[in-house]
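Copied over from TrEMBL:
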- R52, P53, M54, S55, L67, Y68, Q69, G74, T75: FAD binding site (BINDING)
- C217, C222, C225, C237: [2Fe-2S] cluster binding site (BINDING)
Amino acid sequence: MVKDIIGKVILNKNVGNNIFLLCLETEEVEEVYPGQFAMLSIGDEYDPFLRRPMSIFKRDKNRYCFLYQVVGRGTHLLSKKRNEEEIKVLLPLGNSFPTLNKKEDVLVVGGGVGIAPLNFLVDYYKDQVNFYTFIGFSSFVSEEVYLDLKKYSREFVISSEDGSIGYKGKILDFIPKDLNTFDKIISCGPSQMLKLLVKRVEDKDRVYLSLEERMGCGFGICLSCAIKSKDKLLHVCKEGPVFCGTEVIWDE
């Protein structure tokens, strides 16, 4: 059930490249699943007016962690939050990744803060699923951002565009050539990365994408996160954020 709960900041740390790791502790515990997201109220009731959508990076009992990048006024204000300050959190929202079967071979591809729901997924299924994880950033980030991904993956590769961490280049340059060997392919990151990844896969039914779109409400009312599908518009916040690779129509 979706609830508006109060989270107390216990960590809000710059982990590199203007990316912050935010952890909140709550009195109420809401069940969440990998792929779902929350809407965070950053300022007072009206400034900024709109909440910010954030995928859940990690959940441990009554602690919820998020990964965000400072890109505008709202996230700048969020980056100034200190320990013990309170933030309103509306969760859980959206759908989740498909259920993974034991011993499945799953390719995980993430870009930037798009690794957040993937981290939750890998942590959730740790020691049950064979993960092959490939993540990329534009520049350096602290190891704590990808420690669980590295720990619980059978294969782990990281890259950065400037070469400051891992291999130099875009992460799609380093994923396996043959993608038919994986039972599922799960990805989140910039839309161009997702588009190019889907193009490489013959059987797109095996691909699941978590889309990052600007949102205003989180319930499919404001229409700000609508995307094209085969026969209608889909709302990322309501029908998503996770979609099968066959559902999304990419702009050329």
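Backbone N, Cα and C atoms are what each Cβ position is placed from, and that goes for glycine too.
The Cβ of M54 (FAD binding site) lies under 8 Å from the Cβ of L22, F37, A38, M39, L40, F66, L67, Y68, A116, each of which sits 6+ residues away along the same chain. The Cβ of R52 (FAD binding site) lies under 8 Å from the Cβ of M39, L40, I42, Y68, G74, T75, L78, each on the same chain and at least six residues away in sequence. Whole-number maximum of the Cα to Cα distances across the FAD-binding residues R52, P53, M54, S55, L67, Y68, Q69, G74, T75: 16 angstrom. Shown are the binding-site residues Q69, T75; of these, the residue with the fewest other Cβ atoms within 10 Å is Q69.
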